[in-house]
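Enquirer: Feature table excerpt (Swiss-Prot):
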type     : residues  : note
DISULFID : C72-C133  : disulfide bond
DISULFID : C84-C131  : disulfide bond
DISULFID : C177-C228 : disulfide bond
DISULFID : C261-C298 : disulfide bond
DISULFID : C265-C302 : disulfide bond
DISULFID : C276-C288 : disulfide bond
DISULFID : C317-C351 : disulfide bond
DISULFID : C321-C356 : disulfide bond
DISULFID : C329-C341 : disulfide bond
DOMAIN   : 51-148    : domain 'Ig-like'
DOMAIN   : 150-245   : domain 'Ig-like C2-type'
DOMAIN   : 249-303   : domain 'TSP type-1 1'
DOMAIN   : 305-357   : domain 'TSP type-1 2'
DOMAIN   : 542-685   : domain 'ZU5'
DOMAIN   : 863-941   : domain 'Death'
CARBOHYD : N225      : N-linked glycosylation site
CARBOHYD : N350      : N-linked glycosylation site
REGION   : 688-836   : region 'UPA domain'
SIGNAL   : 1-30      : signal peptide
TOPO_DOM : 31-380    : topological domain 'Extracellular'
TOPO_DOM : 402-943   : topological domain 'Cytoplasmic'
TRANSMEM : 381-401   : transmembrane segment
Amino acid sequence: MYLSRNPSGAALAAILVALILSCNFPSSTAGIEYSDVLPDSFPSAPAESLPHFLLEPEDAYIVKNKPVELVCKANPATQIYFKCNGEWVNQNDHITKERVDDVTGLVVREVQIEVSRQQVEELFGLEDYWCQCVAWSSAGTTKSKRSYVRIAYLRKNFDQEPLGKEVALEQEALLQCRPPEGVPPAEVEWLKNEEIIDPTKDTNFLITIDHNLIIKQARLSDTANYTCVSKNIVAKRRSTTATVIVFVNGGWSSWTEWSPCNNRCGHGWQKRTRTCTNPAPLNGGTMCEGQQYQKFACNTMCPVDGGWTEWSKWSACSTECTHWRSRECNAPTPKNGGKDCSGMLLDSKNCTDGLCMQNKRVLGETKSRLLESTGDVALYAGLVVAIFIVIILLMAVGIVVYRRNCREFDTDITDSSAALTGGFHPVNFKTSRHDNSQLIHPAMQPDLTANAGIYRGNMYALQDSADKIPMTNSPLLDPLPNLKIKVYNSSTVGSSPGIHDGNNLLGTKPTGTYPSDNNIMNARNKNMSMQHLLTLPRDSSNSVTGTFGSLGGRLTFPNTGVSLLIPQGAIPQGKYYEMYLMINKRENTVLPSEGTQTILSPIITCGPTGLLLCKPVILTVPHCADINTSDWILQLKTQSHQGNWEEVVTLNEETLNTPCYCQLESHSCHTLLDQLGTYAFVGESYSRSAIKRLQLAIFAPMLCTSLEYNLKVYCVEDTPDALKEVLELEKTLGGYLVEEPKLLMFKDSYHNLRLSIHDIPHSLWRSKLMAKYQEIPFYHIWSGSQRTLHCTFTLERYSLAATELTCKICVRQVEGEGQIFQLHTLLEENVKSFDPFCSQAENSVTTHLGPYAFKIPFSIRQKICNSLDAPNSRGNDWRLLAQKLCMDRYLNYFATKASPTGVILDLWEALHQDDGDLNTLASALEEMGKSEMMLVMATDGDC
């Protein structure tokens, strides 16, 4: 090994460098440069191979003014030179070493140069300072990779420093930190009271990819001083300290028992107290609001002592020479604990002034016999009372046993009847209402059918109203004699036929509560729902299936708006899952709504449950909420294996523990899920101004050979699956859709939906509706428990020759919006039905596999993720992309993912499955200043 800085070698090298720098000549082959100007005196051997680099120069940073050393090593190599920024480095700046490899016997040449801060600063242009080695052998030249030399620095000021805050106990706290700009990029760590926070040891802390600190659930022990520390090879910077105070708001203890009335007689007060100690306010928490004590007026009846009346007159003188007088203790009678009268009730004295002929002995015997007879009477009276009490007890026990036997007997009869009839119990019991001036005879009831021909549950008359619409149960019942207007209902199920609670009748529900149609239905369907969850039958009419692997894909339910997007990498490599989507029939499912909630979407099961997913999948379901109004409390619910519904997330109330993310659009909800299962979207109104969208669809019979002609007006939720269900039902019943359905905005105002028919040509037709209008009760619509609600208008033509009908049907919510249908129907055999899904017939493919399911090519997607996943001090990273794509409602969900950009792009795929317009994504990237990504999309997208 020796150094090549010797005078003879320097002269030869200088000549070589001068020739190279002064000549502009093309290389003969790729990868061989300047080989034709090398001196002939260089040794070469035809058998030699191209130089191979054993050590290539690495990226380096200049700290302060200390130069960096770049080293490369190659064999076989006759010469090695450095080239920096396209210019050859002077040979005098090279330090060359060489040795013979003990194994191969080849000469290993090593070259080293130094790069100073001045050289790097003198470079002009956008490109960083770079160097690479060029090695020569007799076979040609080889270039090493480029190594970049940068001046290391770390600015003093943070782009954003954490700010102190006060946070309530068990609430989430976010401390933001953007480290100062530096080269190389600074590493960030957080200090809590000068101790390093390690999220792996304390899982209550989370440091996001953009260096923010999240306290998931603030504890009292988290009250501390927090500091953001940024460091690289140059320096270490500390932010200002942010003080986090975890406060506890005061809470009231339970009320004490009411104290005794403070006045033993007359008007007084009772008092009870509570204390603000459950918990006590801490660290500046608010005091309890409300009264610390309550008073209650009490009135204690004063005790009244008894008083004697006047003595009665003396009785006649008896044979014992004694007469009597008496008095009573009722002047006043003792009350409220007052004392009884003291003294004798009876008074007696001798009435002969001592002239009585009986001696004292006879008189004493008489008194003794009188006392004995009195004792016998008391004994006999006690025995009679005891016998009477025993008889009463025996009678009571007998009555209880008798009633219990009767109840069991009735239950057996009911169960047997249900077994024989399949659970279908027609009930004709109705209660007349004489307090309503608008009532007419029950036989004049319009047709209001829900799930006609599908549901086989118990049926009950809800109201005997003429101008309002009572609800019965199933169109499979034969109509009563002379009953021309029929009424049906699918979800009014009672526990015992013929027995009704007055509060459940139409129009008698108290303000502020809804009749619990779905609660009545849930009692019947809970066991059925449990079996449904376990077996999950695959009915082709309401389910679709597909098999997917690690490349992902999309499963679509045609004409329903329901789909499941499985991103690439969601299924483990080498695994294949058969996945399915199923729309659950509401009559067979426990309903998710409770109280004043309303169902806003179909109940969807995606499965199978329990799958191991590496990434979230996106479930898309339609909904019928008008989200332009801000009065909604919207929730996503899931059904447990026990059949109960549980809240998954309330929109705009997400925390780090929320397992999913919902992207709400005007007609659909796209949900990122880590677990498959049964889901539904429900809503509730804040202040009775929320609005849900309904579809109004009118059907007529395809063929009419009688004088009667029925027009059915369906009122269903504005979701594709609801209309699809009605179309399939009417197809089986021989009906057709007269014209395109219309939209109705239905407000949570307790007002019913009113339907009426007008402008009938009375010379040819007459209406058999005796009332002016029909009504569908508000809560039947709002609860969402009844899927195919409708009213029927029965018309009669005077002659079979009348084959044309024109009329108007008006549908509106009382004190709300409405729609008017101008109908013109022909009673012909070849009548054509309006098909709302005709434009979607082409898209009947249910499964798209691998790359065919995604709009963004995988190569473009990877480059976008690599560019945006890492946090940027200028903010043009994945957070800005989410903002540009309107997906920034809760960024912390994406921050917890390994690739936030990838999850955002998956959600974009779900939102744009119909249009797939990459221009929207390109526009967002352009606005972010990511023009290089647009170039990638233009080049790779054309391939």
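Cβ coordinates come from backbone N, Cα and C, glycine included.
Map the listed features onto the structure and describe their local environment.
Expert: Secondary structure from DSSP puts C133 (disulfide bond) in a beta strand. Taking Cβ-Cβ distances under 8 Å and a sequence gap of 6 or more within the same chain, the neighbours of C133 (disulfide bond) are F53, E56, P57, C72, A74, I80, Y81, F82, K83, V111, K143, S144.
A simple way to gauge crowding: the CB of C131 (disulfide bond) has 23 other CB atoms within 10 angstroms, across all the protein chains here.
In the three-state DSSP reading, C228 (disulfide bond) counts as strand. Counting only same-chain residues at least 6 apart in sequence, those with a Cβ under 8 Å from the Cβ of C228 (disulfide bond) are F158, E161, P162, L175, C177, P179, V188, W190, L191, H211, L213, R238, S239.
Other C-beta atoms found within 10 angstroms of the C-beta of C298 (disulfide bond) number 17, with every protein chain shown included.
Secondary structure from DSSP puts C302 (disulfide bond) in coil.
Around the Cβ of C288 (disulfide bond), the same chain contributes G250, G251, W252, C276, P281, each under 8 angstroms and 6 or more positions distant in sequence.
In this structure, C351 (disulfide bond) belongs to neither helix nor strand by DSSP; it is coil.
For C321 (disulfide bond), the count of additional Cβ atoms within 10 Å of its Cβ stands at 17 [all protein chains shown].
In the three-state DSSP scheme, C341 (disulfide bond) falls into the coil class. Over all protein chains present, the Cβ of C341 (disulfide bond) has 18 other Cβ atoms lying within 10 Å.
Secondary structure of the domain 'Ig-like C2-type' (150-245), assigned with DSSP and counted as helix (H, G, I), strand (E, B) and coil, comes to 3 helix, 44 strand, 49 coil.
Model confidence over the domain 'TSP type-1 2' (305-357) is summarised by a mean pLDDT of 83.
In the shown protein chains, 13 other C-beta atoms lie within 10 A of the C-beta of N225 (N-linked glycosylation site).
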Enquirer: In the three-state scheme derived from DSSP, which category covers C72 (disulfide bond)?
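Expert: In the DSSP reduction, C72 (disulfide bond) maps to strand.
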Enquirer: Counting only CB pairs under 8 A, let me know which of 150-245, 249-303, 305-357, 863-941 has the most with the domain 'ZU5' (542-685).
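Expert: Result: 863-941.
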Enquirer: Quick one: of C265, C302, C321, C329, which disulfide-bonded residues lie within 10 angstroms of N350 (N-linked glycosylation site), measuring between C-alpha atoms? Sequence order, please.
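Expert: Near N350 (N-linked glycosylation site), where near means Cα within 10 Å, the disulfide-bonded residues are C321.
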Enquirer: For the disulfide-bonded residues listed here (C72, C261, C317, C351), tell me which residue's CB has the most neighbouring CB atoms inside 10 Å.
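Expert: Going through C72, C261, C317, C351 one by one, the largest Cβ count within 10 Å is at C72.
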Enquirer: In whole Å, note down how far the CA of C351 (disulfide bond) lies from the CA of C321 (disulfide bond).
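Expert: So the Cα of C351 (disulfide bond) lies 6 Å away from that of C321 (disulfide bond).
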Enquirer: With an 8 Å cut-off on Cβ-Cβ distance and a minimum sequence separation of at least 6, pull the same-chain contacts of C329 (disulfide bond), or say none.
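Expert: Looking at Cβ-Cβ distances below 8 Å from C329 (disulfide bond), excluding near sequence neighbours, one finds G306, G307, W308, T309, D340, C341, L345.
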Enquirer: Tell me the residue counts in helix, strand and coil for the domain 'Ig-like' (51-148), as DSSP assigns them.
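Expert: Counting residues by DSSP class gives 8 helix, 53 strand, 37 coil.
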Enquirer: Whose Cβ, among the disulfide-bonded residues C84, C276, C302, has more other Cβ atoms within 10 Å than any of the rest?
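Expert: Max Cβ neighbours within 10 Å, all protein chains included: C84.
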Enquirer: Rounded to a whole angstrom, what is the C-alpha distance between C351 (disulfide bond) and C261 (disulfide bond)?
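Expert: Between the alpha carbons of C351 (disulfide bond) and C261 (disulfide bond) there are 55 Å.
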